[in-house]
Amino acid sequence: YPVQYENNAHCVWVITAMDSGKFGKESTQQVRKLNNSCDFQQKQLTKVIKLSFEEFDLERGYDTLTVGDGGKIGDTRRVLYVLTGSSVPDLIVSLSNQMWLHLQSDDTIGSAGFKAVYEEIERGGCGDPGVPAFGRRSGDRFQHGDVLTFFCQSAFELVGERTITCQHNNQWSGNKPSCVCKCSYVLCSVIVFLFAVFNFNPVLSLCFLSCFYLSVPFCLHSYPVTYKLNVFPSCLSSFAPSSL
């Protein structure tokens, strides 16, 4: 990455955690980057391993990245995930002090590949899943049994699981959700404005102002902007078309 990987590529990586007592505290805080170069790499870290993807683009259904636990590449009993397509995966945490990755492509159509960051975290945890853009999170512990709850700012709605739990397999019970802009509020504002202007309705005029100033500042800064036309504010419930 970002150079397109070759056809019939067979690339492997093994990440091994080191003994923190042997190598000292400073080395346990290092964060190293990994890309899909076909060179075999073996890095030494401490504790267990958290793998986070920054970019991901493989030919869907034909090229795969298999992520497994332990140091034996291809051990089907220890496979954690088989990844393909262009959606950026959520973080992955190993069960042991080792993790392996295997990139396999077919004989046609390559893509950009992937870019990932890996680091060591405390054993018995799932790692920090992060906070969605335009959202916030309740909870700051990531050990087994810990629960995180997510919320979105005004004019945004939560897509995905509101609450996730750190499981004993070191994986969260769900992916980190996202906050999607309710840009139907902008459409709502335009509709209410037309009603207010042509009917001279002061109540609708006030509703227009509240809808407009609530939605526009957030929607203009939301990227990518997602239109969800099935969401209408209560002030427009009587005007919402039944088909929406």
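Quick reminder: no glycine exception, Cβ is built from N, Cα and C everywhere.
Now, the feature entries from TrEMBL:
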- C152-C179: disulfide bond (DISULFID)
- 1-121: domain 'CUB' (DOMAIN)
- 124-181: domain 'Sushi' (DOMAIN)
- 184-214: transmembrane segment (TRANSMEM)
Legend entry - Average pLDDT across the domain 'CUB' (1-121), rounded to a whole number: 81
Legend entry - Cβ packing number for C179 (disulfide bond), 10 Å threshold: 23
